[in-house]
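Student: Quick paste from TrEMBL:
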type: ACT_SITE; residues: C280; note: active site
type: ACT_SITE; residues: H339; note: active site
type: ACT_SITE; residues: D362; note: active site
type: BINDING; residues: N402, D404, E450, E455; note: Ca(2+) binding site
type: DOMAIN; residues: 272-365; note: domain 'Transglutaminase-like'
type: REGION; residues: 470-501; note: region 'Disordered'
Amino acid sequence: MVAQAWLEVALTDLQSSRNNVRHHTEEIAVDHLLVRRGQAFNLTLYFRNRGFQPGLDNIIFVVETGPLPDLALGTRAVFSLARHHSPSPWIAWLETNGATSTEVSLCAPPTAAVGRYLLKIHIDSFQGSVTAYQLGEFILLFNPWCPEDAVYLDSEPQRQEYVVNDYGFIYQGSKNWIRPCPWNYGQFEEKIIDICLKLLDKSLHFQTDPATDCALRGSPVYVSRVVCAMINSNDDNGVLNGNWSENYTDGANPAEWTGSVAILKQWYATGCQPVRYGQCWVFAAVMCTVMRCLGIPTRVITNFDSGHDTDGNLIIDEYYDNTGRILGNKKKDTIWNFHVWNECWMARKDLPPGYGGWQVLDATPQEMSNGVYCCGPASVRAIKEGEVDLNYDTPFVFSMVNADCMSWLVQGGKEQKLHQDTSSVGNFISTKSIQSDERDDITENYKYEEGSLQERQVFLKALQKLKAGRFHSSRRGAELQPSRPTPLSRDSPRSLHTPSLRPSDVVQVSLKFKLLDPPNMGQDICFVLLALNMSSQFKDLKVNLSAQSLLHDGSPLSPFWQDTAFITLSPKEAKTYPCKISYSQYSQYLSTDKLIRISALGEEKSSPEKILVNKIITLSYPSITINVLGAAIMNQPLSIQVIFSNPLSEQVEDCVLTVEGSGLFKKQQKVLLGVLKPQHQASIILETVPFKSGQRQIQANMRSNKFKDIKGYRNVYVDFAL
């Protein structure tokens with residue numbers, strides 16, 4: 001009888017390229033194995049001296065993740081090619097067996113922790129001899145294509161949009177002027193997956209208890225809270241420092257960013273030091289990049305007229321003086337012109353049935369959640385139904401979309417209640433449409449129609465739950481615990497345009513603003529005040545008018561323009577009062593958001609009643625034009641023309657153009673333009689070589705000493721090389 005030789009492994013082929021295509025990770029890499037849980041992947045073992053003999057040899061696989069892998073915690077698994085020896089939820093089976101090679105399939109359970117894994121094998125041959133081999137590393141991700149995975153999304157177009165698409169739009173401006181801001185998410189760009197895993201390892205939870213943290217990474221609820229906390233830097237060395245001060249001399253103005261890749265790579269390259277600076281849309285965009293990279297379907301949401309209720313009573317208090325100027329307030333309640341957060345798709349087994357699906361996560365540091373600055377995941381359906389006692393942070397999110405607004409007149413040290421508006425908060429809640437550049441309005445997902453009986457019933461239910469104190473569990477945090485601060489957010493106050501702040505049954509005179517021309521940067525702002533007498537009596541009005549810029553937290557600056565109008569109205573008469581604010585009057589007072597609030601406070605000579613009206617004006621810039629010169633073919637040179645202009649009637653200096661685009665540019669391009677003459681148009685030609693095929697987008701931004709965010713974009717389809 002001839003003695004059998006030990007079975008020795010000579011080489012292992014992890015079939016990275018083939019597996020990555022099947023697991024929708026080929027955009028990340030083709031030379032490193034990246035697979036998704038709940039789905040099989042193949043590898044081939046090549047033996048040195050003989051073939052694998054199932055009756056004589058047993059191959060035992062070992063997978064480990066984290067610094068302290070543990071069988072009991074699920075961060076270590078041992079499973080055999082002979083299934084009856086493998087109680088582990090990981091499984092392996094034989095595909096083909098040749099003379100000197102064997103192909104096997106492995107499959108992680110759909111609940112496995114995501115992260116970087118080490119793969120080993122032990123070969124138990126005849127006579128009890130055991131040899132061990134380290135086969136290599138692989139990365140395991142969430143799997144929205146797997147029905148058993150908690151992040152499963154039953155729509156291929158939605159998976160393509162919310163997991164695979166690497167560019168999009170973030171909506172900014174005001175409810176009366178919604179502007180799409182192009183953004184490069186770049187979740188599959190070089191090193192981004194490594195940066196995302198580093199981000200998990202830098203969290204407070206990993207630093208405190210790495211074994212438990214790694215074991216909990218199978219839960220998208222847990223991972224989303226960890227990521228949410230790590231996007232801001234309030235509790236740790238998170239990715240971004242927030243700044244709402246208008247002083248960005250030691251960093252980047254948040255309005256200048258056009259993508260997440262440069263931010264994440266800077267954080268990584270500097271030893272995980274927070275990047276300066278971000279505001280709400282930057283926090284949300286970077287979180288979208290990280291979550292899509294990890295495999296959790298994610299989209300970016302903009303809420304116009306977004307409430308920030310600091311005391312949990314679902315009332316936003318606003319204060320005015322007798323000139324109609326909005327004042328700051330001690331409570332710091334504000335209504336931001338817009339606020340941006342994320343929705344992530346996941347099952348919620350920690351909640352009653354029916355509350356899975358889209359969940360709100362807000363990485364902008366505003367309020368603390370379980371001791372750290374993060375918010376969510378809060379079920380969108382729970383928000384709509386007023387179930388503010390469900391985890392996590394649902395009361396805070398509910399107030400952002402459905403708080404009431406109370407207006408007060410401050411005069412002589414006293415506060416006089418003017419009006420309670422039940423419909424001004426939460427308008428035109430927006431996200432990018434699926435596989436389209438259009439805007440999708442999803443307001444109905446968050447609340448019933450304003451003014452409807454259902455909407456008021458839900459509001460009262462939420463208020464009763466809050467008063468009863470039954471919402472404390474959403475701030476407690478069970479086993480999941482990361483982030484959220486208390487400041488401000490670039491999100492500027494809402495567009496309050498109520499004809500009168502008095503109850504409608506006593507209103508006899510109404511005031512309203514109307515713009516005569518589009519408000520373009522560099523041009524005078526022309527508008528009229530419309531006054532209407534709805535009574536059968538003569539009315540003599542004195543109207544104080546003012547204009548003031550708004551900061552990102554909703555706080556106003558001092559008025560830079562004021563006027564007083566005396567208007568006499570006959571019964572049922574309407575009159576207009578013309579107004580003009582010149583560029584020279586407003587140019588030096590603008591914030592980065594280019595927001596101006598015009599206000600009018602009127603009073604009748606024969607009545608103590610006040611009539612308040614205000615309107616927010618967003619000044620617009622001309623966009624950058626991008627032309628693609630010729631066909632875009634992968635791995636072949638491509639010329640791109642960028643046309644830009646100075647819209648102002650004065651010279652601008654320190655002009656810098658930045659251009660980027662995933663799959664088109666290896667890194668962000670910066671071009672120093674220097675000085676641009678008044679209203680001068682110019683263009684440059686950029687050369688690049690596309691390295692990925694398919695639908696791509698170019699994003700561009702131009703900044704100067706006078707403006708920071710003139711933007712433009714162009715979609716490009718890149719063909720395979722012939």
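Backbone N, Cα and C atoms are what each Cβ position is placed from, and that goes for glycine too.
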Student: Pull out the recorded positions from the set C280, N402, E450 whose C-alpha sits within 10 Å of the C-alpha of H339 (active site).
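Tutor: So far as Cα distances go, the recorded positions lying within 10 Å of H339 (active site) are C280.
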Student: Same chain, not part of N402, D404, E450, E455: whose C-beta falls within 8 angstroms of the C-beta centre of the Ca(2+) site? Give them in sequence order.
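Tutor: Filtered neighbour residues, in order: A403, T422, S423, V425, G426, K447, R456, F459.
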Student: Can you break down the domain 'Transglutaminase-like' (272-365) into helix, strand and coil residue counts using DSSP?
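Tutor: Across the domain 'Transglutaminase-like' (272-365), DSSP assigns the residues as follows: 15 helix, 41 strand, 38 coil.
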Student: How many Å separate the Cα atoms of C280 (active site) and D362 (active site)?
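Tutor: Cα of C280 (active site) to Cα of D362 (active site) measures 8 Å after rounding.
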Student: What does the structure give for the C-alpha distance between E450 (Ca(2+) binding site) and D362 (active site)? Integer Å is fine.
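Tutor: That comes out at 24 Å between the alpha carbons.
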Student: Including all protein chains shown, what's the count of other C-beta atoms within 10 A of the C-beta of D362 (active site)?
Tutor: 33
Student: Find, for the listed recorded positions H339, E450, the residue with the lowest Cβ contact count at a 10 Å cut-off, counting only other Cβ atoms.
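Tutor: With the recorded positions H339, E450, fewest surrounding Cβ atoms within 10 Å: E450.
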Student: Including all protein chains displayed, how many Cβ atoms other than that of E455 (Ca(2+) binding site) lie within 10 Å of its Cβ?
Tutor: 18
Student: Could you round the CA separation between D362 (active site) and E455 (Ca(2+) binding site) to a whole angstrom and send it over?
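Tutor: Between the alpha carbons of D362 (active site) and E455 (Ca(2+) binding site) there are 24 Å.
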